[in-house]
Amino acid sequence: GQESCGPNEVWTECTGCEMKCGPDENTPCPLMCRRPSCECSPGRGMRRTNDGKCIPASQCPEH
């Protein structure tokens, strides 16, 4: 079943790669499905912080 997702995360059947805050923000993603999970969706402008939170890219700390 669907696990409970954290703030800003979305349950996704076909997860791609998440994007982290920081210099690797523009790393291209492989177009493959990973296992279903809670995704911090880059398509919605979200980024994963180093401590695992999912926040809007505009709130990323300056690097």
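Using N, Cα and C of the backbone, Cβ positions are placed for all residues, glycine too.
Source: prediction; values computed, not measured.
Here is what Swiss-Prot records for this protein:
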type     : residues    : note
DISULFID : Cys5-Cys38  : disulfide bond
DISULFID : Cys14-Cys33 : disulfide bond
DISULFID : Cys17-Cys29 : disulfide bond
DISULFID : Cys21-Cys60 : disulfide bond
DISULFID : Cys40-Cys54 : disulfide bond
DOMAIN   : 5-60        : domain 'TIL'
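Structure coloured by features recorded in Swiss-Prot.
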residue	record	Cβ neighbours (10 Å)
Cys5	disulfide bond	15
Cys14	disulfide bond	10
Cys17	disulfide bond	14
Cys21	disulfide bond	18
Cys29	disulfide bond	10
Cys33	disulfide bond	11
Cys38	disulfide bond	18
Cys40	disulfide bond	24
Cys54	disulfide bond	20
Cys60	disulfide bond	16
Please spell out the DSSP helix, strand and coil residue counts for the domain 'TIL' (5-60).
10 helix, 15 strand, 31 coil
Tell me the Cα distance separating Cys17 (disulfide bond) from Cys40 (disulfide bond), rounded to the nearest angstrom.
9
